[in-house]
Amino acid sequence: MDDRPHKAHRPAQSGAKAEKKDKGKGKEKQKGFNEKAFAPKSGRRADRQGRRTAERDQTRLHVPLVNRTPDDEPPPVIVAIVGPPGVGKTTLLKSLVRRYAKQTLNDVKGPVTVVSGKKRRLTFIECNNDLNSMIDIGKIADLVLLMIDGSFGFEMETFEFLNILQSHGFPKVIGILTHLDLIKKAATLRDTKKALKKRFWTEIYQGAKLFYLSGVLNGRYPDTEIMNLSRFVSVMKFRPLVFRNSHSYILADRLEDLTPRELVRTSKNKCDRTVTVYGYVRGTNLRMGTRVHIPGVGDLEMKSVTVLGDPCPMPDADSEKRRKLSEKKKLIIHAPMSDVGGVMYDKDAVWVNVPGSFTRGNTDIRQGEGEQMVMDLQDVGSTLEDAVAKSQIRLLGTSSKNLTVPNEDNVDMGDEDSDDLDLESLAGSDMEDDDSGIDSDPGDAEEGDDEDRTQDPRSTGRSSHRSGARTLPSSSKKQRNDIEYAESDSDLGDNDEDLDIGGRRVRFGEDDDHDIPSDEGEGEEEEEEEEEGDDGAVPRWKKNLAERAQSSFASSRKSRRKDWTKLIYATSLTPAEILQGEQEEGSGATEVEMDEEDFFQIKRTADAGQDEVLDQSKEALSAEELKKWEDEEMLESIRHLFITGDDNAAGDGEDGNEEGGAFGEEEDGDDSQDDEEGSAAADPEAARAAALAAKKEALKRKFDEQYDDPESSKLDFYEEKKDEMARQLALNRAEFEGIDAEARALVEGYRPGQYVRIELTDVPCELIENFDPSYPIVVGGLLPAEERFGFVQVRIKRHRWYARTLKNNDPLILSVGWRRFQTVPIYSLDDHSIRMRMLKYTPEHMHCYATFYGPVSLPNTGFCAFNSLSGETPGFRVSATGVVLDIDRSVKIVKKVKLTGVPYKIFKNTAFVKDMFNSALEVVKFEGANIRTVSGIRGQIKKAMPKPDGAFRATFEDKVLKSDIIFLRAWYSVQPRKFYNPVTSLLLSDKAHWTGMRLTGQVRRDEGLKTPLNVNSTYKRIERPPRRFNPLVVPKKLQASLPYASKPKLMAPQRAQTYLQKRAVVMEPEEKKAVALLQQIRALRKNQVARRKEKKDEKKVERQKKLAKEEAVKGEKEKEKRKEYMRVAGQKTKRAAEIEEGGGRSKRRKT
């Protein structure tokens, strides 16, 4: 079978598959059109294609942001599962955890962290149907799995959550359609998918990923669909968001109460608690000393931050050599609130929870190995320290007496032999511990130190640091020599005759052997001096304790291991001089400066021959050092390093090694310099030719970069910024590379990705008493500026889906930064950049400004507003969105006010006005202000009158009447109310029903009060009496001087009858006949029109009757059709109900 040749593939020439391929090629390919061989036929089309390509490239680009998350050990990616109740969130979470960790969770609570790959971990968290939880999850989620019920469609909670995401920085969103198995028809299913995808793309962006989950098998979604989803999640890339890139935060996966139980008992559970929260640092570095905010609780102080071991570690490079993640690493899962794993690591303890209902005395049920170990630990009656203290140790196997450790009560100061014996026994036991290579227990070391402290309080313990090298016993009882372990045979050396390892001696050429001083030489000399000392009244180890302690402290600083690489390669001393301890000139001070292990240094005394250096701000210059710059050869050697240098020297510098130069020549020594000078002098023409060739090569390379491929040599702005940020990150990483973890945490804070334990003080007791793991606890770090309070100015717009208009001075719940609080904003509008004019209501379909009192936030911080957070609120709950503009504590908002008055004395263009002000002082403040009447006559306030109070004199451009109303337009400054009410939903037992300050109408409705009626505020009918105006009278003298065209043409009324009125008309007989004929014709015409109208009315009545009959018949037919339609619809509904009762599930049951 294997020898048979495989059948060649023959593509289909006709049929559905061939038609599908031809359809995909396009019309141009079918006709044989080669698009690469011809230019575009239409210049307009080519221009459109070019614009389209440029727009697509530009939309792909975004503002480069520095990613604060480290690449080596990033924190787990937070994957939030969000959706309305009953959509299948818990089922999806269990299926994903089963896919990654091979474990089935029974009760999911809180975050669940799993390992998804060799470089990524995932933290799954389910968002319940609470607006507070949606807001918190929207601020921290890196990826949102938005679940939509396919059989029902989008619900209001989905749109609310998407608008919250838009306000707080939009993370990646993947849509998941569930309950598609309830749609039986394939056509209906296809149309539903298409409609939901179109609406989903409208809300997110065109091309957003949408997954389909068909049904539930064995309590989980199908493995194939979950595998496709998990693969997509595991490789997704995330962009840093602006707010998270500047704030550190922690999603707490565990919470512990450290308050003393006695304090809780005495205060009857009403005292503030000390709480520790555990989680991964995310965002930017978490600095110690900053305040944190827990949404739903408030601002808190951090007492301490401790880095703990990673409970869900990523596989390291050594354990994961393969391309695929091993099954052992997949089993790691961290879910403390769900009680998975049973082991919890604390700062000073490890808590092991043994699940199951078993008893200690029950031997019928076999316990596992781990359970048996835990029960054995519970049965232990003494600690390891007590067991070691009771144990007996013999120095040799043939010894008949055990080694004993004396107690303080049994020590006899006069018995020298016993002291020496005990000291020797202690030294022997210490030697055996060092031989075995095992460090002694810290508790034993402390017991030994206690004895020394009681004898002499000035003793400082060990005189030098413990050496990490293994030691072997020599012939002397207390002498210990280090054994050097080489990594290869070449490190040990081939000449064994010249090097005596055991004796620590070395021979140089034909000279005598030299001793190699040890790094712990001074300490050994002290021990030898102790042995050589005579036996006096005081034991040897107690002599001169103070002097020895001081000298040992100094020796511990001086007697560090020598840097043999520096001594051998970076010095001009001979090996013999190095062994004798000689130093180069000036090397002593350099060694002190370059010693990085200790911050403080021992101040050494200056040499006796050294001159005294005076305190001065500038460094003293020596004339001898400046003389070397007078040498011409020295200047010529560095001339090519400057712009004014010659080309030949520059060519030599380019052709040479860039990393060499002056440093390389110094390392080579004098011989290499002499060789180079000799070769250059021997063949100067060759050097000049080489320099010229190098220069030409550099010019040619530059020419090729510019003209052959100019794009490769020139980076655009986007790539240049990315390279700049990469260089800066590498520089930061190199700066902190050699610093230990504690010092680095003090300087830059705790890095993202570290698992920390934060101890919080003065936490309200309600957080512990009403703790619910299904509500997320977010610990957000605050910037120093965000701890202050002031007036914040924002740009706000009422949401187009919110039904009611927002009113000025109504309480509003804002979500700004990490905080959620209730405040009273004042809305305003910029009035031609002159003033901020107050608005009573938010305008329709446009932005306005709002000013409120609250915690200060950085500009460009997005926020969203709500009138109520309750779940029972009907309709869309997101009332407004906006962005923080400025932090201005002296913001001035004004509102328009009209002051009215009436004139009480009028003198031509001057009038005295009253009832506008109450005192002369107010009038003085408004002197020179513009006023006007209702009829439009403009005027100006001049001066206050002595009586009555508040009256003033004003001038107008025309004479006013006593009936005129005079008003003054002024601006009144309005100050926002200092009201700040944080939303403390996590402190309630019913976290979904937090109530803040209510509106006045809501208070009256809840209390059953009627609205008070003010009589003067009710609308009344305005009745104005008609006014009579005097006729315009022009004086006769003025009329005489006027031209005729301007003179008033006023004539007196006619009293006597005119001739036309008085004359009598007598008709002729012909005229009478004509008039009579016309009257008869008019009568006939009138009669004819009346009869025609009556006939038309009769026809109209008959037509109405006919139409009524037709409408009745038509109505009967419509009624029959409606009956038939409703009968069919009822049968469908009944059938669907029977299917649901039989094998389906309830629509709104939570899964």
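Cβ atoms here come from the backbone N, Cα and C positions, even for glycine.
Lifted from TrEMBL, the feature list:
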- 1-10: compositional bias 'Basic residues' (COMPBIAS)
- 17-34: compositional bias 'Basic and acidic residues' (COMPBIAS)
- 44-60: compositional bias 'Basic and acidic residues' (COMPBIAS)
- 409-423: compositional bias 'Acidic residues' (COMPBIAS)
- 430-453: compositional bias 'Acidic residues' (COMPBIAS)
- 484-500: compositional bias 'Acidic residues' (COMPBIAS)
- 510-535: compositional bias 'Acidic residues' (COMPBIAS)
- 652-678: compositional bias 'Acidic residues' (COMPBIAS)
- 1095-1126: compositional bias 'Basic and acidic residues' (COMPBIAS)
- 1135-1144: compositional bias 'Basic and acidic residues' (COMPBIAS)
- 75-239: domain 'Bms1-type G' (DOMAIN)
- 1-72: region 'Disordered' (REGION)
- 400-561: region 'Disordered' (REGION)
- 640-686: region 'Disordered' (REGION)
- 1090-1151: region 'Disordered' (REGION)
Long-range neighbours of the compositional bias 'Basic and acidic residues' (1135-1144), counting only residues six or more past its ends (CB under 8 A): 182
Averaged pLDDT, computed only over the residues in the domain 'Bms1-type G' (75-239): 90
Structural state census, the region 'Disordered' (1090-1151) (DSSP three-state): 53 helix, 0 strand, 9 coil
Residue counts (helix, strand, coil, in that order) that DSSP gives for the compositional bias 'Basic and acidic residues' (44-60): 17 helix, 0 strand, 0 coil
